[in-house]
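Participant: Input: one structure, supplied below.
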There are 2 protein chains.
Amino acid sequence: MRQLLAFVLLLLGAALPASVRAETGYDLWLRYQPVEAQWRDRYAALVTQVTAAGGTTMLVAAGELRRGVAGMLGYDPVRRETVIGDGAVVLGTAQSPLIAPLGLPLAKLGREGYLIRSAAIGGKRVTVIAGNAEIGVLYGVFRFLKLIQTRQSLDDLDISDAPRLAVRVLNHWDNLDRYVERGYAGQSIWDWQKLPGHKDSRYTDYARANASIGINGTVLTNVNANADVLRPEWLARVKALAEVFRPYGIKVYLTARFSAPIELGGLKTADPLDPQVARWWKDKVDEIYRAIPDFGGFLVKANSEGQPGPSDYKRTHAEGANMLADALAPHKGVLMWRAFVYAAENPDDRHKQAYTEFQPLDGKFRDNVLVQVKNGAIDFQPREPFHPLFGAMPKTPLMMEVQITKEYLGFATHLAYLGPLWEEALQADTFRPGKGSTVAKVLESGAATGMAGVANIGSDVNWSGSQFDQANWYAFGRFAWDPQAKAEPIARDWAAMTWGNDPAVTGPIVRMMMESREAVVDYMTPLGLGHLMATGHHYGPGPWIADLARPEWNPVYYHKADARGIGFDRTATGTNAVGQYAPEVAARFGDRKRVPEQFLLWFHHVPWDYRTRSGWTLWDELIVRYDRGVAAVEAMQAAWKPLAGKVDARRWEEVRDFLAIQRDEAGWWRDASIAYFQSVSKRPLPAGHAAPAHDLDWYKAIRTPYAPGNGK
Amino acid sequence: MRQLLAFVLLLLGAALPASVRAETGYDLWLRYQPVEAQWRDRYAALVTQVTAAGGTTMLVAAGELRRGVAGMLGYDPVRRETVIGDGAVVLGTAQSPLIAPLGLPLAKLGREGYLIRSAAIGGKRVTVIAGNAEIGVLYGVFRFLKLIQTRQSLDDLDISDAPRLAVRVLNHWDNLDRYVERGYAGQSIWDWQKLPGHKDSRYTDYARANASIGINGTVLTNVNANADVLRPEWLARVKALAEVFRPYGIKVYLTARFSAPIELGGLKTADPLDPQVARWWKDKVDEIYRAIPDFGGFLVKANSEGQPGPSDYKRTHAEGANMLADALAPHKGVLMWRAFVYAAENPDDRHKQAYTEFQPLDGKFRDNVLVQVKNGAIDFQPREPFHPLFGAMPKTPLMMEVQITKEYLGFATHLAYLGPLWEEALQADTFRPGKGSTVAKVLESGAATGMAGVANIGSDVNWSGSQFDQANWYAFGRFAWDPQAKAEPIARDWAAMTWGNDPAVTGPIVRMMMESREAVVDYMTPLGLGHLMATGHHYGPGPWIADLARPEWNPVYYHKADARGIGFDRTATGTNAVGQYAPEVAARFGDRKRVPEQFLLWFHHVPWDYRTRSGWTLWDELIVRYDRGVAAVEAMQAAWKPLAGKVDARRWEEVRDFLAIQRDEAGWWRDASIAYFQSVSKRPLPAGHAAPAHDLDWYKAIRTPYAPGNGK
């Protein structure tokens with residue numbers, strides 16, 4: 001019997017099976033896990049009670065503070081005493097009777113700014129979290145909680161902050177049937193079938209997460225939209241969401257299909273200069289504002305990729321945008337008009353078309369129009385030079401659109417922190433009007449300002465499809481709040497809030513994050529290559545694809561590899577896309593010797609035996625980069641392995657699995673790309689670099705028709 | 001200051017905001033919440049340690065017991081002692097050295113049965129959970145945990161149980177792009193894009209839930225399938241799921257598209273008598289079994305609603321099924337062949353077509369074929385008479401297919417417990433071969449036996465789209481285990497396990513459940529009406545629809561309302577569908593005076609002024625029933641309201657919201673149906689019954705193109 005039981009115990013020796021309450025990632029960076037004992041004692045003395053008075057946003061702010069303190073410090077800071085004691089945290093606006101006497105320097109912080117300051121009230125040492133409006137207080141509360149989450153001191157606080165951009169919006173490419181175009185995290189979280197009758201508690205958690213990083217708007221619907229969301233029964237659902245979001249300072253926006261007056265209104269035209277059309281839009285906008293008094297406005301994709309627009313009536317983008325802007329203006333609504341246009345009939349370099357079409361319209365847009373320009377001129381590639389429109393439309397408010405969802409960076413299973421990509425774009429110097437005119441400064445300089453991120457949010461329990469993709473949502477919020485921000489400290493904050501404060505954990509995680517995007521560039525599109533993904537879904541490599549109807553749909557259009565070399569000549573000898581940049585930038589990009597090597601093949605067709613700065617031939621350098629990318633993924637796997645047991649098992653295993661998938665797919669990219677380019681270059685691989693595992697036909701035969709997120 | 005803070009405390013007086021750890025329903029009926037103190041003491045004395053030895057299923061069984069005990073009793077029952085003490089729970093098979101000497105009567109329990117018995121081992125009082133195979137032990141563990149969950153005594157246990165049907169399978173109508181046909185709970189939980197590299201922990205929880213109710217198989221893919229899942233890269237993913245499910249006694253099955261030899265094999269035909277076709281299937285089946293040695297088999301929908309099948313080659317269903325069955329037989333695989341057929345070119349009553357086509361084939365199917373027959377002859381309506389094939393094919397194993405997902409009963413937001421529907425079908429007397437030959441007995445009598453349920457499972461955090469729809473998944477497992485089971489005790493078990501043991505909670509919940517299905521019948525399709533739902537998605541009423549290409553797609557085909565009366569004459573003066581039943585049944589169904597009133601209009605065209613048993617005219621009775629249905633929903637709302645605070649807030653609020661939606665939609669059904677039928681009957685409403693809120697055109701104009709679950 002003794003022997004038997006010994007055997008039994010061996011079997012059962014494993015830890016108790018993970019509870020169903022295991023960490024799923026649902027909590028995002030708002031985990032509020034208990035702090036270590038020594039920190040708890042320090043913090044508890046400074047957070048003894050919470051006082052607040054005001055409206056629903058103040059209630060939300062106080063509630064979040066209670067939730068955070070309950071989670072991290074283990075008690076509810078609401079006290080039944082009716083006097084303020086030492087350690088009180090006082091929430092209020094500038095007008096609050098407790099705050100006003102302190103004479104805090106709130107004036108310059110605007111409606112959304114906040115101030116956190118250690119102070120004395122009635123002889124008691126307190127912490128004040130104050131704003132000009134309640135939303136500032138909520139932002140301040142999240143900042144205060146972050147201090148605890150990241151183990152900062154709460155003594156002698158004197159923090160003030162305010163957003164540098166006004167419109168900080170997510171763009172959900174969500175269809176009304178819950179399909180998410182370019183979504184890799186399940187379905188749309190908008191469960192329209194149950195709205196407005198049931199408001200899923202997830203909507204509130206969505207609002208909390210966004211408010212915690214300063215996002216103040218959300219476009220609920222896909223830019224490739226039909227007009228149905230503007231019907232009354234859908235507006236009732238939108239209203240229900242707006243009511244959930246309002247206390248969190250988040251406005252709802254909708255995409256407006258330009259042809260809606262025809263489809264919904266029964267008009268014969270959507271010509272923006274037709275008075276009936278303008279009237280229809282004005283009535284529709286008024287109807288929306290009756291239901292949603294703080295409605296944000298519209299986002300429009302017009303005359304691009306088949307969408308209707310003003311060009312259908314020989315009108316300009318400005319004429320189209322202004323008509324809608326006029327309908328919104330009486331309600332203080334904003335019109336976001338995308339500059340992402342390229343036309344089937346236009347044979348010019350796709351890189352140039354947005355600039356060509358929009359730049360001449362500078363100064364022609366209404367004040368409440370924001371022209372929404374992607375970070376690069378093509379389409380959210382792993383690396384692109386900054387869009388030439390930045391700096392080129394000084395009389396027009398420009399906002400930047402980035403893609404949080406990783407359409408071109410491996411979907412949810414590739415770890416790729418996008419902070420460095422966005423920092424690179426924002427810090428790019430446009431030289432317009434002069435040196436130092438970074439994209440970030442251009443964004444901040446408009447009469448209206450903003451930044452849009454295409455959301456990576458879906459119904460997956462972890463929201464983003466992977467734990468690490470949460471970091472991209474987080475980072476977007478931080479950059480939209482402050483385009484001058486830096487990717488690494490954002491990564492550090494996120495890692496500590498999401499994975500805990502152990503430097504043995506956050507150190508490797510931040511290093512993985514900071515190297516991850518460059519790894520993707522290397523194994524997918526090194527040296528300035530781009531848009532080589534397979535057709536439609538963009539999953540996996542397809543550099544050989546040459547048979548699609550429109551030239552710019554084909555990867556061969558972008559790499560132009562031939563027996564002589566590879567790359568797209570966008571210099572004066574080619575399409576002269578460089579001519580759309582400021583002369584200083586054009587001179588640099590246009591000179592093969594001066595162009596940053598990371599953009600070499602973006603702007604130049606380069607012979608295979610060209611010598612790169614490392615001394616390799618271009619061909620050999622390409623191979624080296626592909627292998628470097630794969631090796632970087634293997635390094636991430638090696639860095640992650642020792643974190644087992646240091647982070648919770650479920651999330652650790654998910655990341656482990658995804659890194660293994662990423663390694664496999666990085667190898668697929670590397671092998672398929674080399675097999676194809678070698679069929680063109682006819683060159684041997686440099687010594688020490690392995691041949692692809694299969695021949696080119698094997699890679700060409702791969703079909704993945706069910707890859708998620710394809711437009712439909 | 002004092003006054004100020006008093007105001008503040010008022011604001012903050014609410015309870016701490018619900019934690020993100022609030023109950024979501026993810027835990028299903030396996031919540032394992034702490035038992036009350038008095039129960040804990042009683043149970044703890046009888047569960048002091050767990051011993052087990054064996055393979056992976058035994059590990060799973062022991063792990064589940066540890067998890068349940070940890071949750072409900074608060075400790076881990078694994079002890080480091082190496083001797084058995086009082087209160088040990090001993091898990092083992094008949095061959096286990098600790099079990100064998102006890103001489104337990106396991107022989108008749110089969111491979112999946114189990115026995116739970118209080119016993120003595122080495123002079124110690126223990127509880128033995130034993131089976132002939134490890135899966136029986138796992139089933140026994142779930143039963144043992146249920147005793148605790150439902151607060152039964154653990155003293156002097158002597159329980160033995162075994163399933164009465166062999167094949168107990170879920171049918172997932174899940175497409176490879178994660179769209180779920182007739183799914184109202186989000187996407188498919190099969191995240192194919194991440195398989196096989198990542199096995200979501202949800203797959204394990206799915207297996208646990210199914211094993212806990214005895215489900216032993218799952219068909220992963222939609223019956224309306226293409227052949228892609230049979231490709232090698234997909235079989236690798238299926239294999240990964242099979243590996244997760246195997247320790248839980250769950251086999252995977254796939255749908256087989258009959259034309260796969262053409263689409264995948266490049267053959268010119270899929271004729272089942274063509275040797276090349278048979279060879280292709282044999283090779284494919286062998287390939288599957290090399291990857292998945294315990295693969296369950298295939299489910300086939302052939303020659304129905306456009307699917308390919310043997311009739312395309314002038315072969316019978318038996319010839320088609322047998323060819324596939326022969327390929328599966330060497331591996332002990334099962335072929336499930338659906339009898340749900342009706343043909344575009346067949347003008348006969350749809351009710352009759354399956355019987356007409358299949359009954360003559362009785363005795364012609366291989367032993368490993370199960371003909372899968374829906375509970376009724378049409379299609380999962382709120383109420384249907386039992387399918388005439390039951391009892392009519394005594395030489396052919398028949399399994400019953402029911403729909404757990406509520407395609408025709410209001411989707412996820414209508415509370416409708418299906419236990420009574422299934423009990424009604426299973427207890428129906430076929431009179432074949434004689435009185436007392438219930439459908440349940442027919443199912444149990446086959447050489448092979450089984451029951452299939454079309455799953456209501458999706459990616460929603462609560463699995464089923466609503467809390468109460470979990471009960472239908474639960475009940476399906478219980479009925480498949482024991483077709484003689486009764487709906488009410490199943491509801492009681494589920495309510496206690498899911499909502500807690502307070503009779504003040506479970507009492508109202510069980511009453512709501514037991515009355516809920518009849519409510520749906522009343523407000524949608526009273527008195528034997530059926531199939532009056534709107535086209536395609538089947539969301540909401542469409543009794544007026546008459547313009548679809550095939551007659552049997554139109555609701556008017558089913559109700560046949562005219563100036564004279566309403567109902568489908570299926571007697572000898574009509575289509576004589578009653579003639580397909582046994583004479584005793586036919587005589588009853590075919591006689592307007594004897595037919596159960598709940599089937600009146602299913603079998604008879606009845607004048608509007610016909611007197612029902614209550615003494616009303618038929619027209620007035622219809623109105624009374626519609627109103628009774630709406631009132632029943634209002635009664636559920638009233639019953640639910642006082643449970644606030646007695647169950648957790650998040651689930652309570654969800655149910656409250658859904659009941660309100662159900663009330664609205666019940667009213668919509670009632671009003672639209674009355675408005676339409678009144679346009680035909682030209683009769684006034686009886687006194688005291690309100691006119692519809694709108695005119696008929698208003699209801700006809702309602703369009704809900706984004707309603708979920710429509711086939712595509």
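Here the Cβ of each residue, glycine as well, is placed from N, Cα and C on the backbone.
Annotated active site, proton donor per TrEMBL: B:Glu305, in sequence order. The active site, proton acceptor feature in TrEMBL is assigned to B:Asp379, B:Glu407. Per TrEMBL, the feature domain 'Alpha glucuronidase N-terminal' maps to B:28-144. The domain 'Glycosyl hydrolase family 67 catalytic' annotation in TrEMBL covers B:148-463. The annotation domain 'Glycosyl hydrolase family 67 C-terminal' is assigned in TrEMBL to B:465-688. According to TrEMBL, the signal peptide annotation covers B:1-22.
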Participant: Long-range neighbours only, meaning 6 or more apart in sequence with Cβ under 8 Å: which ones does B:Glu305 (active site, proton donor) have?
Facilitator: B:Asn224, B:Tyr342
Participant: Report the mean pLDDT of the predicted model across the domain 'Alpha glucuronidase N-terminal' (B:28-144), rounded to a whole number.
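Facilitator: 95, rounded to a whole number.
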Participant: Taking the Cα atoms as reference points, how far is B:Asp379 (active site, proton acceptor) from B:Glu407 (active site, proton acceptor) in Å?
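Facilitator: Spelling it out, the Cα of B:Asp379 (active site, proton acceptor) and the Cα of B:Glu407 (active site, proton acceptor) are 10 Å apart.
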Participant: Taking B:Asp379, B:Glu407 as the active-site residues to compare, which has the smallest set of other Cβ atoms within 10 Å?
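Facilitator: Selected from the active-site residues B:Asp379, B:Glu407 on minimum Cβ neighbours within 10 Å: B:Asp379.
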Participant: Could you give the number of helix, strand and coil residues in the domain 'Alpha glucuronidase N-terminal' (B:28-144) as assigned by DSSP?
Facilitator: 45 helix, 25 strand, 47 coil
